[in-house]
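Read through the structure below, which is laid out as structure tokens, and then see the notes.
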Amino acid sequence: MMWSSPTTLSLFLLLLLGQVPPSRPQSPGTKTIRLVGPGNKPEEGRLEVLHQGQWGTVCDDNFALQEATVACRQLGFESALTWAHSAKYGQGVGPIWLDNVRCVGTESTLDQCESNGWGVSDCSHSEDVGVVCHPQRQHGYLSEKVSNALGPQGRRLEEVRLKPILASAKRHSPVTEGAVEVRYEGHWRQVCDQGWTMNNSRVLCGMLGFPSQVPVNTLLHPQSPLSSRLNSLTNKNSFWIHRVSCLGTEPHLAKCQVQVAPGRGKLRPACPGGMHAVVSCVAGPHFHPQKPKPRRKESRAEELKVRLRSGAQVGEGRVEVLVNRQWGTVCDRAWNLASASVVCRQLGFGSAREALFGAQLGQGLGPIHLSEVRCRGYERTLGDCPALEGSQNGCQHTNDAAVRCNIPDMGFQNQVRLAGGRNAEEGVVEVQVEVNGVPRWGTVCSDHWGLTEAMVACRQLGLGFANFAIKDTWYWQGTPEAKEVVMSGVRCLGTELALQQCQRHGPVHCSHGSGRFSAGVACMNSAPDLVMNAQLVQETAYLEDRPLSLLYCAHEENCLSQSANHMDWPYGHRRLLRFSSQIYNLGRADFRPKAGRHSWIWHQCHRHYHSIEVFTHYDLLTLNGSKVAEGHKASFCLEDTNCPTGLQRRYACANFGEQGVTVGCWDTYRHDIDCQWVDITDVGPGDYIFQVVVNPTNDVAESDFSNNMMRCRCKYDGQRVWLHNCHTGDAYRANTELSLEQEQRLRNNLI
């Protein structure tokens, strides 16, 4: 069958569906435009307009910069740089929808400009106009996404799946091999395998959350179970899509060239001489049913030079890359789905479903390594794509790029639920586990239940981050038939996809039985993220021999080592390692104390209330991790010491004010205030590690706990001190990512 022209095919579909083509233009605001051109330059290409469900071009007659500016703004760019005449970006196909377009320049969409009218043109496709936009996105333009994409002639493809052919394949999770099916208008339709290519498989596997694909042996023995099953399906003649042709870089099957099969009763069969398209995908390491074989550390460190941070779900987050042994961010200039998909596949996920701009998943701290990344979509790693250095074009962390990747459906979201809460984001955690081979719903014992476990539960539920881990849920009525405890001793690392993957007891053992002490959670869509300014610590550190006569208040608050108890007060002095601390909130929600105002404690030394009694740990360690200086647990009054220009301070300690740290602001404790030190009076000369941990017990929820620890190398000669190589806990690691449990051991000096 020859490929039909888009116009003929569109009319055929409309007649097939019993619809008459509309005789008048659609209302303003319903038009869609796009640029068709180089895959790595989303800001330039041939201008096309969607009208009556069909894409068409725009003639270059009278087209000028103000028309191009309206088009670029509609596409989310700040402005137009120029336009191109005479089909510079190739000749389009189908109708020429607009001719003699005349804009004032203030219109919000191209269809608000004057023209000859829809489809009224005396041009040929050799006059198709092209547009070059400024790559900077408009403020408020948040992302480029694929959702419910338009299929052939504007008909929406609701969903795509692989239908397992053999019964044995149905038991596998995720399903990686099967017949391709497309959901349209509530019904699943099949795809013909004639002309099906590996590029098609690559696109489909990416949509389903798989990074790659393998060939399927379609030359099967006629009597094989797979062959006979395919033949029986083919006889039903339920094909809807006759042929698909993809380049392999498309984010969605609907973006490929698609030919719809003829309707039932036509002389031509829907799939002549063919059968169902069968695809076999390869799951990434996160989703293997069995644990992958460990690789050598060297090869893993070489491969994983990109990571995602601060995402609520697996497969989403701020993009960070490793350059010169230091992690940094990527600027969102020219960031698009093609580059985002390279990141996703490199990390073992599918293609990108959304490329996010403007630090939508939080700002990073440190260098901005890359800008104007221009991937074509075929690259194996982000490092293979052309890019500029982030420092070359003035990018800020407010421009940090992020991504949401397609991930496989593991079925975990159907194995957990919340019950009894005031809203859908809170309640008693009920899980489904197999008991004697039979699936059963029940509760989770709250022994050892903490924020890490609650984070996994909220992620499994698709509800974002955990706000609270609740151990006493007597005020929530769970499901009556799920009162029994079916899971106990749950200990998660924080990286699991589901509670069922966490360590837990074999036989259930709950010290307090079921009922009021079942585990519960309260989830939230966004969370704060506290990060210490390591550079400021390094620059402000110094020694002070402070007389005991000035340390009475600090002594009362346990800010000195125990040996101070045995001194002859007020005679003598203590040697203090002093420094300033500046703690940024780089998340997407304000950091607020867990305790209510009624439980805040007045501190005489600082002359204000402290809302968090254990907010930081200050320690001096040997190079093997043993504690040498008795670090103290500093309490804080939380406030916005400073905010960026244009952002209002919301929290202040004075006059019993509200406490917290606003998103984008920072709380500074200067080196010259009481307790802003480590007492090293009893420490001898040598090389040490200076360590500061923020929110050490994870009392308050954050989107990322891996950057809460800051460490410096410390050299002390008995008279002077030098701090160098100060960095947050995750700033220099390549693939040696520590679990939350390992980090907790480090923080508590359990080496």
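All residue numbers here begin at 1 and follow the chain in the order shown.
Quick reminder: no glycine exception, Cβ is built from N, Cα and C everywhere.
The record in TrEMBL lists a disulphide bond between C331 and one of C256, C271, C395, C405, namely C395.
For C385 (disulfide bond), the nearest of the disulfide-bonded residues by C-alpha distance turns out to be C72; the candidates were C59, C72, C103, C113, C492.
Residue pair C246 (disulfide bond) / C113 (disulfide bond) shows a Cα separation of 34 Å. Each of the disulfide-bonded residues C103, C344 was assessed for Cβ neighbours inside 10 Å, and the highest tally belongs to C344. Per-site Cβ counts within 10 Å over the disulfide-bonded residues C123, C256, C492 peak at C492. Cβ neighbour count within 10 Å across all protein chains ranks C331 highest among the disulfide-bonded residues C246, C331. Note on proximity: of the disulfide-bonded residues C72, C123, C502, the one nearest C395 (disulfide bond) is C72, by Cα distance.
A gap of 40 Å separates the Cα atoms of C331 (disulfide bond) and C123 (disulfide bond). The 10 Å shell around the Cβ of C72 (disulfide bond) contains 26 further Cβ atoms across the protein chains shown.
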